[in-house]
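Since the structure comes first, as structure tokens, the remarks are kept for the end.
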């Protein structure tokens, strides 16, 4: 191994480092005032190094010093003032063990990289110092001549690393290697590694040598035995494993499926913090007190969230401020509801939420730019609901919500239970959040849509379908969805579909009323329908809505 030559004393210490693995340093004894002290540096203490550069020391740096000044950065680099020269007649050799934690990173902090620091950072044999000192002294006398003084050693045994005693079990060795190495070979290998080995009923006890501080656990010994024995000497054995079928519930609706659907519809997934600003959260959920963190990251993140909308709305604002006016986001995550009797006083519920804002489509020269509205998001939400349940299992009902615009908010009903909300953000909330333009949101309990109705095979009718359109005049405050649901419920077996395709208010319709145009589709799987069959079903629908909503047919 090549190493640059300097002068005999320095060359000898470098040679011993390469031969023995022990870094050493030589001082000019005549330049040392008083005794040698090992201490931490004073903050901003100055030391001129052997390369002529001046280092301003930090208080976490270990130094070799005399009674008046620092002489060297311990384990890293010597000082110029105490270094040996061609005029040196008295030499003080230093051979020491420094704990890696006291050396690691110190050289880099001063822009240094030395052979000494590299070895001390990785660990040096703590029993090697006396042997290295004797070897260096032998070479120094042989090459340079002179008289030798006694070795002055200082040892703090309590601070030295301990030689680890590790138990190696026969069963563990065989299981990890997949092969039973003979006992005699195991003992021979461990002894060749320098371990003191004792055999016991379960296997062996091995005390690691001082230079193998990396042997600390049983797996370390297994690795060494396998390495020395030779992995190529371990015969190949095909693993024996039984094949098992994973349980698959066909009705389970994976969250990934819903995520993929939303991504396919142009949404991006957001992940926001579960910690939110409590005063801002009150604007959305004013009637529930959240869990307040005793040691929050900041005041703006001091409450556990009761909903996902707050994080999404703040994300919309963040994007709008960065010239991204068209935003479509969704998030799935937990909300945390304080509840007496729940585990840790808190009920955790998985939620799914979404938000849209800006234009309905990407900017394009051939597409008219329109702003998103309530029905854009409702259509996306219906696509999610149709993944999990049939069309008759969910509905929307007008509701009031503190965060949503009056008249533009609806409760999400699944199997007769309110499980979420959808609507346009309230103008006052838009102002307080700093939103730019109309923003529509939804939030729904994941447990309401995490299972799906298994599809049933139904024969497609070979007979023609018949469509009849009716225009019903009702009070303007009657929900259109309720009228359509009533039509579907009273049309009998021949009515296969009822769809609202137009809402009209104006000339020809009395003030305070609205006209709902509904398409009724009738079909039989057994025969072609007669006009009398169709008329009977339509009359049943008209009679039912007239009784329930005081509806009349529009002329």
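Each Cβ is built from the backbone N, Cα and C atoms, and glycine gets one as well.
What TrEMBL annotates here:
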- 214, 220, 223, 224: Mg(2+) binding site (BINDING)
- 161-236: domain 'B5' (DOMAIN)
- 461-554: domain 'FDX-ACB' (DOMAIN)
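Counting residues of the domain 'B5' (161-236) by DSSP class, helix then strand then coil, yields 33 helix, 14 strand, 29 coil. For residue 224 (Mg(2+) binding site), the same-chain residues that are 6 or more apart in sequence and have a Cβ closer than 8 Å to its Cβ are 189, 190, 193, 215. Every protein chain considered, the tally of other Cβ atoms within 10 Å of the Cβ of residue 214 (Mg(2+) binding site) stands at 12.
When averaged over the domain 'B5' (161-236), pLDDT in the model lands at 91. Secondary structure of the domain 'FDX-ACB' (461-554) per DSSP (helix as H, G, I; strand as E, B; remaining residues coil): 30 helix, 32 strand, 32 coil. A Cβ within 8 Å of the Cβ centre of 214, 220, 223, 224, the residues given for Mg(2+), is found for these other residues of the same chain: 212, 215, 219, 221, 222, 227.
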